[in-house]
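In what follows, a structure is listed as structure tokens, so that the remarks can point back to it.
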Amino acid sequence: MSSAPTTQQNLAALPAPAMSDTGITSHIASRYHSHLPISTLSTQGYIAVNTYTNSAKGPNGGKDGSAMGAAEELASRMWARLGHRQENQAAIFLGESGTGKTTIRSHLLSSLLQYSSTPLSKKLSFAAFVFDSLTTTKSVTAPTASKAGLFFELQYDTGSSLHPTLIGGKVLDHRLERSRVATVPPGERNFHVLYYLLAGTSDDEKEHLGLNTGITAGTGNRSSLGTQKRWRYLGHPSQLKVGINDAEGFQHFKTALRNLEFPREEIAHMCEILAAILHIGQLEFMTSQSTTPAPDESGGYGHEGGEEITVVKNKDVLSMIAAFLGVGDRTLEQSLGYRTKMLRRERVTIMLDPKGARENADELARTLYSLLVALVMEKINQKTCAVEEAVANTISVVDFPGFADTSSTGSVLDQLLNNAATECLYNFCLQSFFERKAELLETEEVQVPLTSYFDNSDAVKGLLKPGNGLLSILDDQMRRGKTDLQLADSLRKRFEGKNPAIEVTSGTVQLPGANFATQNTSQIFTVKHFAGEVKYPVDGLLEENGEVISGDLMNLVNSSSSPFVAELFGQEALNKVVHPDDRNAVQQASVASKPSRMPSMARRRGGKAGRFGSRRGGDIDEEKDSDEGRARSVSRHRHNPKSADTQQGASAQFLSSLDNINKSLTAPNTNPYFFFCLKPNDRRIANQFDSKCVRQQIQTLGIAELSQRLKNADFSIFMPFGEFLGSAEGEVSVVGSEREKAEMILDEKSWPKNEARVGSTGVFLSERCWRQIVRAGDLGVVPMPPSDENPFNNPESLTPMDGKRGFGESKVHLLQTPGSAIYSDDKAAGYFGSRDMDAKSDAGASALREGDMFRNLETREELAEKGNEVTTTPIEERPKSASRVRWLVLVYVLTWWCPDWAIRIIGRMPRQDIRMAWREKVAINFIIWLSCAFVVFFMVGFPRIICPTQHVFSPSELTSYDGKNSDAYVAIRGNVFDLGAFIPQHYPSIVPASALEKYAGTDATNLFPVQVSAMCQGTDPDGTIDAAVQLNYQNRNYTGQNLISTTDNNAQYHDFRWATNDSRPAWFTEQMIFLRGHYWKGSVGYSPQYLKTLAKKSNQVAYINNRVYDFTDYIAGGRAPQYPPGEERPDTLPDSNFMDSRVVDLFSQRSGEDVTKYWDALNIDTGLRDRMQICLDNLFYVGQLDTRDSPKCQFAKYILLAVSIMLVSVICFKFLAALQFGKKNIPENLDKFIICTVPAYTEDEDSLRRALDSAARTRYDDKRKLLFVICDGMIIGQGNDRPTPRIVLDILGVPETVDPEPLSFESLGEGQKQHNMGKVYSGLYEVQGHIVPFIVVVKVGKPSEVSRPGNRGKRDSQMILMRFLNRVHYNLAMTPLELELHHQIRNVIGVNPTFYEFLLQIDADTVVAPDSCTRFVSAMINDTKIIAVCGETALTNAKASFITMMQVYEYYISHNLTKAFESLFGSVTCLPGCFTMYRIRAAETGKPLFVSREIVNDYSETRVDTLHMKNLLHLGEDRFLTTLLMKYHSKYKTKYIMRAHAWTIAPDSWAVFMSQRRRWINSTVHNLIEVIPLQQLCGFCCFSMRFVVFLDLLSTIVQPVIVGYIVYLIVQVATNPASTATTAFILIAAIYGLQAIIFIVRRKWEMVGWMIIYILATPIFSFCLPLIAFWNMDDFSWGNTRMVTGEKGKQILVSDEGKFNPDDIPRKKWEEYQAELWDAQTRDDAQSEMSGISYGTKSWHPAASEYGYAMSQHNMSTLSVPHMPHNGSRMSLLTSDNGMGMQQRDYSASDIDMSDMPNDDAILAEIREILATADLMTVTKKSIKAELERRFGVPMDSRRQYIGSATEAILSGQL
């Protein structure tokens, strides 16, 4: 190819054959290979090919021919036109991602700012760098890709001087790619600033920010600092090292902010927010059970706090995030665990699973980052933007992310909006080249050849047309709450066959093998963009367009203690939706997708450009948004009926911002330039040109058509003849017209016709020709010197700069490999020069770089502590009660050893009330443990103290140890040895064992003769006894066969006395020492009675210190001396009286007695006494005193048996009680009115349907039962797709169109939470032939509630009905919700609320038997003293897990034994809330019982601030309610009905089971404290069975000992089968035998297996659970109310919920309300009765009276109601069949003109005629009244009473 085409830069100058896609590609390729990447489209556009090398280096090594050179050239042209023509200039960058747009844009901005070298220009340069740091990232196609649209505006004053003066600038960011924050595509990076932070902070800063913890995402493990951290939000760890100097980038980022006048503290807070975002990515979630009781907990009712919740696994990371956000750890965790959103005008809280919580956390991270970017940009604009009126002209740089055919982050919305913006800018490009001057050319009569081109107007109109474009439809459907499929249908209707650029898939699809088409749930729409077709899935697009920030997160940051976070969420970029009734209640919000400011020229109406004089920019359009004070809240539109109910979505905002850009670019007097950026290949390889890739881009951008157009008409300037001739100056001829003169000049210039043409009024020129005619080459290319008059100049802070060197020469390459200026989005190259910082900024920046930016700021620990603090408001002040003071004294006595500071610091309990609760818990545990210790002592230690263990053997006992069936024992001189163990050790071993075994069970003393002189010292002081003295032995305790004779053959082998030939005096002593040490088992036992018997038989036996001595043989003379064989006996025998006579007399005179005191009283010296004691022990000792049969030992022996008998007797009574209920009561046909209340929380649809159906199907008159459902808050439970109230209403058949107004009522809560709001629905529920009226109360909360709106707990749900009935019976003023309840029950359902006599309470997961209601009511009618009755509750999930299996038998026995036993005496102490019926009022007197003042007041206690009250009201509200019934209605009974059955769900996991039992056990303990003071508890001598019940309850605290007691019995039985413990053990075993009889008699055979499982689980029930429960007694969610110490010992109750003012809730009596209701109905028949329904149908319509259900089959007015005692109401009732009437209204003649009023007979006749032809299914008294008014032609309001009474009478047959 020749060199001429290669050197041709202007593509419009190419020959016609080369002006095709292929030809232009070849030409660009030739230039590319010649290192000439820049081509032009005349002077209107540039084509730049990315070289992936240095963008500032041209073919000759200089800037000429490079991208930087092209940018500088364009800047020069823009500056020249701005200066000469005062035109607005705009540069628009077009191209795909990775083509180098951001780099060239940086060069262009740098070049433009060089012309105004002022501090302001430096700030704008820094602003551009900050913008890029926050919004650019590394993508697959580019090292630095822009992910937000940029409209950079430079503002100039061109009227005050010869040169334009830079007076301001704006950085308008459009649609940051928020999805990238939490979703980093593979191989890409997140926004650069996050990597800057991680790499550029110092060690101290990292420590503060928590960036050196080494937490690994996904594992939670810690690693060393040297290992590579895995940050979830930073992508793969390899992205941390991709050749970008992040550390240096962070320093420049901080420097830029400091030069933009951001304070150091603010920069530090920004870094904390960025660190918090990184840490949010590290959060790990898991599913747990809510086992910590809370005041607002409804807790799954049947699961008793087992609600599944999502919690954070790594709490340390959570703490860091909370500290940086200035919120509490627990508050943040809760906010992430659920999400509140708006569904059909309702706030609904969704309980999130771990996946949902992760998405919620990601949304928080995206929100924080988006708001941070918006805040930084707005603060920059505040510092750089000029006053709009002063702006004459602007230079705008527009750069949006390139076209994308796929979404890298998965965000369809981001892809759609970015492509829409690209489509819009490309369309503007086409309009600029092809259409913009067409009309002017035609007007000027200039003919130019037409050029065909691809017009993308169809796509632009289809996407961007206001009102019915795709983006507008998307926003409209979002705001109207439509579904994705409805969106697809709307798009199909709008575009199908109407716009070829947009196609929508079919709404139906026929699946393979299917015969019919089904709905297509995966619909997509295809947009034919100029760059190609893109398919956009519809699924999730509406929700993504909303970009809703839930009210929970808004509520979270509202409590933040961080001023910076408050500022972050208080800026205008956050669009808030506030409640129309409470402007402070933010329901939800979203981050704006449009900048907070507008382009300056978009706000102008237009104006004539002028060189000098007045402002030429045109007037500011006041209708448009201003830059100051733009309201972002939807509340200002809420009361406008034409405005939408919700805020604009992202699409509408982005559409508005595109419209503003388009207005700015298309404004008159604006000259656009275009930079078309191309990439040479798809693989980012330098010096490689892919012709196919480039040709596709050229074809997409239409460069060939653009070149052809410029070849035909390259006109960018139109100059009127006068201006043109004035510019030509000396070249103008002096003769001829202006047109002729202009033509002559053009002829002289010889310009081509496509660049210069003469029109009728002026001349069309190209920019090249214009520059020649005005000689613009010398103007504008040199930077302007600063003007002294420019207020933005600061001479002191300027750094000298010459015009030839500037920002583009920087050697700092932040976003590229150091040392190589690659062709990328190099912000550093554009923004930082080596000499562009003023001295002041340098000083501040260097100080920031060198030190710790967090120095002198709050530490992370201080931030965390501050975040956990809350602002409190005193709400109540009460003195301590005397009992409370006494209790606290005892608490401190027991816990004095633990100082308060230790609890606060070590226990981490900052609040005083929590520390006090901990002390109380420890004190209670001490008391419980002491009680257990006392029981242990009583059972084990006390008997041993009374009767110490004796190791003695009576004759019979010793005889039994004969070795035959037991061990072999033998007795020797009163000692019993283990012969069986000794036999193997006997010497010599040749003696057969059988020979020794014959001595088992005998006294073998005679086998062992003793040497008296060796064992006794006698009476002589020298201690010598003659060796010949002997002593016979005869044990008197045994019969002959048990006593071995002295003549036994084996005796000779043990005789080593002096008289034998083998004398061994010490042998016996040695043997006894050996035997006692190894084989001793005890002693021979002599009972006192037997000793007396021996004494009577002339035996001299007595005992000293319980040791028995026998002197019988000694006294009888058995002391004959013996001499060795062969030795002669001496004449004088030795003295054989070796014992003192006084000692001998003691035994002879007091034989059989205890001679201890006499022994002690003997008048003998100590030496003699000691010698006598030795003789007694060695020679006369025969055994121990056996006291085992003494009274005290008998008591100790049978005390265990007595305890066992007592336990067994109680259970035996229970057994008998259970048998008492064996008879079957036959239910009667009953006519009492009952209410069945079902509180619902987060149960699933199946559970709710089962509960409601079972209640509706009960065999009880449908007209006399009312289904009353209370939904506790607008919450979507895990696994549910709708909020619980909606599930309930769908089950009951209430359509979504029914939406009553929320009404105020009192709730149980803290501070302001006592004010709640609810909606009331009523109607009929039809199921399986039953038609049951129902009331549904939905607690929706006040407008200010954003998280869990309306939720207050189960007790509050109970109180709604209890308080309502209380006020009905006492005729008290009611809240609006209660008045509406009264109206619905009385006027719509048709029953006076006072008629209801019984209230059946079941849980939402409980199924009741069909005959349960009948049996309950029957029992209460038979015994009017019954105030409450419960039935048997079994399990529906018995086999779900081993945990549930353990509970089956326990449930059965607890009802059929415990409750049956308690019921015998009318004292069932715990009526389960899941299945109990209460008596509302007394049958005889009508006195309120269940809803009496005392019970309602005590049960509605809101001050639950002590451990005791929390255990009562938050753990065991059912038991406490029963306690209150016993306390205030002691004469009434609480009973158990065995035949009434219900089935509930038991906890199936250990955590939930433990939580439930912890509640039950602790509530039992604390209710016991409440029961003790009751006067009626104990009868005479405690014979009342309530005392036995008390003992039964008391056993709760000693349950762990029971297990120990059973183990003790087992050990006793095992060690001593003959003991009484065996009997006790048998008795306890019989307990289960009795229980077995019960279920055998009732044929409950399966209970045998369940009983075995229960026995095996006894250690868990009785040992583990109580210990865990007692220690976790203070494990509560303590809420926000606490006590602080006031003056004089008073306790001031404070709360951060604010103070509740009861006057906020209006109250009025029913009579007043009814009067107002009648008046309101007169004015508007549909007022206050949205829920009316025709009885027996599903047709909803307003109903005004009891006849809202009028029909022939189910006429509520024909009910037979028993006589009701008057309750003191001032209501005037008109009698009717059902005992109900309406309030009388008196109208006097002075009030109403009755002259034309028909008489009663006429009215009655017309009523008869109307009823004869009317449909009784739908007719109402209002419709009858309206028909009468039509017939008579007069108002009938004054006859309303008569019309109603007459209608009733006719329908009931009375007339």
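Every residue, even glycine, has its Cβ placed from backbone N, Cα and C.
Swiss-Prot annotations:
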BINDING   G95, E96, S97, G98, T99, G100, K101, T102  ATP binding site
DOMAIN    1-778  domain 'Myosin motor'
DOMAIN    950-1008  domain 'Cytochrome b5 heme-binding'
REGION    658-682  region 'Actin-binding'
TRANSMEM  887-907  transmembrane segment
TRANSMEM  922-942  transmembrane segment
TRANSMEM  1199-1219  transmembrane segment
TRANSMEM  1587-1607  transmembrane segment
TRANSMEM  1621-1641  transmembrane segment
TRANSMEM  1650-1670  transmembrane segment
G95, E96, S97, G98, T99, G100, K101, T102 excluded, remaining Cβ within 8 Å of their centroid (ATP): N50, T141, A142, A145, G402, C677, K679
Model confidence over the domain 'Cytochrome b5 heme-binding' (950-1008) (mean pLDDT, whole number): 85
C-beta crowding around T102 (ATP binding site), within 10 angstroms: 26
Tertiary neighbours of S97 (ATP binding site) (same chain, Cβ under 8 Å, six or more apart): S139, T141, A142, A145, P401, G402, F403, A404
Chain-internal residues, separated by at least six, CB under 8 A from G95 (ATP binding site): K101, G402, F675, F676, C677, L678, K679, Q697, L701
Per-residue Cβ crowding (10 Å cut-off), top of binding-site residues G98, G100: G100
Summary of DSSP states over the region 'Actin-binding' (658-682), given as helix, strand and coil counts: 9 helix, 9 strand, 7 coil
Proximal but sequence-remote residues of the same chain as T99 (ATP binding site) (Cβ under 8 Å, at least 6 apart): A48, N50, A142, G402, C677, L678, K679, Q697
Which of E96, K101, the listed binding-site residues, has fewest other Cβ atoms within 10 Å: E96
Secondary-structure category, per DSSP, in which K101 (ATP binding site) falls: helix
Composition by DSSP (helix, strand, coil) of residues within the domain 'Cytochrome b5 heme-binding' (950-1008): 21 helix, 13 strand, 25 coil
